[in-house]
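> TrEMBL lists these features:
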type: DOMAIN; residues: 19-109; note: domain 'Purple acid phosphatase N-terminal'
type: DOMAIN; residues: 120-390; note: domain 'Calcineurin-like phosphoesterase'
type: DOMAIN; residues: 412-474; note: domain 'Purple acid phosphatase C-terminal'
Amino acid sequence: MIKSLLFSASAAAASLTYQQRLAITPDNGVNVAFNSKGNNTMYTPRVVYGSDSNNLDKEASGDSSMYQTSLSTTHKVPIRGLDPDTQYFYATCIDKDGDCSLSDTLSFKSAVSPGCTHEFKFAVLGDMGVMGPLGLSTEAPSSVEDYARLDEGERSTMKALIDNKDKYQFIIHNGDHAYADDAGKEITAGYIKDIPDESLLQQMSETYETILETYFNQTSQFARSTPYLVGPGNHEQLLTEGKEYTDPETNEPVLIDDIPQGQRNFTFYKDRFFMPSSESGGFGNFWWSVEAGPVKYIQINTETDLGNGIAPVDDKQDPEQQDLAAPNAQIDWLEEQLKQVNRDVTPWVIVGGHRPWYGSLPDCDGCKDAFEPLLTKYGVDLVMHGHIHLYERLAPINNGTADANELNNPAAPWYIVNGAAGHYDGLDGMPDEVSPLSRQIIQGVFGYDEITIHNRTHLTHSFITSKNDTLIDSQTLYKAH
Ligand SMILES: [Fe+2]
């Protein structure tokens, strides 16, 4: 620890830093992100940590950033060289000219080493918004279907993850975070009240940032102690989500060109998260991988950068949205990642990406063209998608055909679609036609996935209901690794 620096304990209410969230990295590390109100980009963020809660004898520092419309500064501090599977304690602060007022002491368990084969559980969710008066609640207007709102007293997925966080090695959120881009929908529906008397665009823009602050306050309640690994979805891109709004006062449309830069081009998603991308050769928070215990998990980006000239889905979001990295950067990285897997160390290879290309409501033909050949060629075991706001367990599939072995040592990847975590109006109706590749479909239930890796050969996937932890669909995959 730098002795000249004054680390001072602070009452929780006076603490300057909050929204702590962790991500594991492939090199026995943890990336710590947290925020502070207002513009503190001039200050260096620090984390003090150690394995004894009374002696936080190590220190790391990092960088601060703030995007144009944000209400807070994001601080990112990498911690490296941790012992595996070990309880650590930590506190965060920003160094204001030698005075670092510490947050409460928090704790986490470092990742188990790759190759460790004792039973291993993690959670996967998709499509989760803020809970309460800015998002999912019992009180949505009548335009929202009954099955897409919480029942009186029903526990949300957010609360379920907070309650269950200690069960999981990490929690993966496979795209669509916060639904701040629902701000316009919620304002025009009269759901969000107490909005300033400003233009619709200003109301939307301010509400967008308020929703984000609330969301990161809420997710921090699990993410500050259980690593929270995220991928991008369509709701991270743009304030209006491509919807057309008209200001009721002026009758003027809200134009994409008038949206501030801070609310376009995935800006909050780039700024606030701190995924292990540089540590895994990936890109931003968009594609990255980690290895822990018997699993290698690879996150892909289905929104942009499909490679080989394949166009992403045109859902009328920002027409000027560009690829984020060099041509073919993602697809070349993905192939390299898959080639490099040592199945002796991590027999299980799991890939997550937001938009599904299989299921009863597929929404990314380009993703299928871009990604499926590689996932099949390299024997990926399980592919997890979100985006569709229901639960659907599919067969193992190769190029549109179910693997005849089903879950008994299939050659093809097994596909699960689950975007049922919940947001303002976030559950879909039952599709008119169910895909012949579907093996179970559950509509109208808020929930998330639990993956249990028993050993080298057996993996159980379960759909867990958020309201009461009931496991309503559970199947075990056998692979002769
Ligand atoms: Fe989505």
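Glycine is no exception: its Cβ is also placed from the backbone N, Cα and C atoms.
All annotation found in TrEMBL is predicted automatically rather than curated by experts.
Note that this is a predicted model, so its numbers are computed, not measured.
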> Sort the residues of the domain 'Purple acid phosphatase N-terminal' (19-109) into helix, strand and coil with DSSP and give the three counts.
0 helix, 58 strand, 33 coil
> Tell me, what is the mean pLDDT of the domain 'Purple acid phosphatase C-terminal' (412-474)?
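Summarising the domain 'Purple acid phosphatase C-terminal' (412-474) by its mean pLDDT gives 97.
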> Per DSSP, what is the residue count of the domain 'Purple acid phosphatase C-terminal' (412-474) in each of helix, strand and coil?
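Here the numbers are 0 helix, 30 strand, 33 coil.
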